[in-house]
Amino acid sequence: MKASALRSIKSTLTSGSCHLLRRGYATESVPDRKVAVLGAAGGIGQPLALLMKLNPLVSKLALYDIAGTPGVAADVGHINTRSEVAGYMGEEQLGQALEGSDVVIIPAGVPRKPGMTRDDLFNINAGIVKSLCTAIAKYCPNALVNMISNPVNSTVPIAAEIFKKAGTYDEKKLFGVTTLDVVRAKTFYAGKAKVPVAEVNVPVVGGHAGITILPLFSQATPKSNLSDEVITALTKRTQDGGTEVVEAKAGKGSATLSMAYAGAIFADACLKGLNGVPDVVECSFVQSTVTELPFFASKVRLGKNGVEEVLGLGTSL
């Protein structure tokens, strides 16, 4: 190989690595933020850990699970971005993982398999959520809690009761992550409306299971004159998105990758809100007076204390 070619390769590699380093460490004005992922060795937890490691707003990333976390932490920890990664394993290390956390993300629990109902999920995951939230109340009571563990419609109220019992409940800091419903609605709508998906926004309200998921395609932007028949089909596909993935994976998994992406999007919004970025709005399942239901998913404005404002349903449903 000619010397000139070697010099060219060396120059390209050097400039590329420097560019990555600049991207990873250009955070002088960003506050230190610790994020804990509970269930970090699981199907959602591992890609979520990767995505949070890539987020320049995170300075410390604590990965916790009952087993396997040191390996995940070692793997993710080699990535040349800002955050320091630590892995914690077993109940005796849960407190260390949580201490000082600004945001706690909970994907822990079993995924849905073909034939499983959400009642089946509840019977298993409710106990896991109870123990994790008991620890959160003790070790980081002021953290924003992002609940991913299904069924979210039930695990969020459970978490609220655990925090109330501990005397630490703050309705502004408990979120059910429904972002995957929004992600799906945007993707499906863009495909039918033939518009760039990056420009699409679709509010999704209600809950995070089946027919409780209500995508408001009438409020979607950019506007498109889709027929009622198409809107009905898009609504059903959004509601059944989880089942679509479970069946496609044929018993070998659920919506882990897309859920990790959605969880990372919502956690990023929470971090931006904490850091004072204005007008950060995402849909989330929170304590609400929008309807007669105690918890309801709708647009939420995020800020330095978590929920700044729960927004209404809009003028057209």
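Each Cβ is built from the backbone N, Cα and C atoms, and glycine gets one as well.
Remember, TrEMBL labels are computer predictions, not curated facts.
Not measured: the values here are computed from a predicted model.
These features come from TrEMBL:
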- HIS208: active site, proton acceptor (ACT_SITE)
- GLY39, ALA40, ALA41, GLY42, GLY43, ILE44, GLY45, ASP65, ASN125, ILE148, SER149, ASN150, MET259: NAD(+) binding site (BINDING)
- ARG112, ARG118, ASN150, ARG184: substrate binding site (BINDING)
- 34-176: domain 'Lactate/malate dehydrogenase N-terminal' (DOMAIN)
- 178-312: domain 'Lactate/malate dehydrogenase C-terminal' (DOMAIN)
Self-check item: Across the domain 'Lactate/malate dehydrogenase C-terminal' (178-312), average pLDDT on the 0 to 100 scale
Solution: 96
Exercise. Please tell me which one of the binding-site residues listed here (GLY43, GLY45, MET259) sits closest to ASN150 (substrate binding site), measuring Cα to Cα?
Key: MET259
Exercise. Would you please pick out, from the binding-site residues ASN125, SER149, the one with the fewest other Cβ atoms within 10 Å of its Cβ?
Key: ASN125
Self-check item: Helix-strand-coil residue split for the domain 'Lactate/malate dehydrogenase C-terminal' (178-312), DSSP-based
Solution: 62 helix, 30 strand, 43 coil
Quiz prompt | Tally of DSSP helical, extended and coil residues in the domain 'Lactate/malate dehydrogenase N-terminal' (34-176) | solution = 66 helix, 28 strand, 49 coil
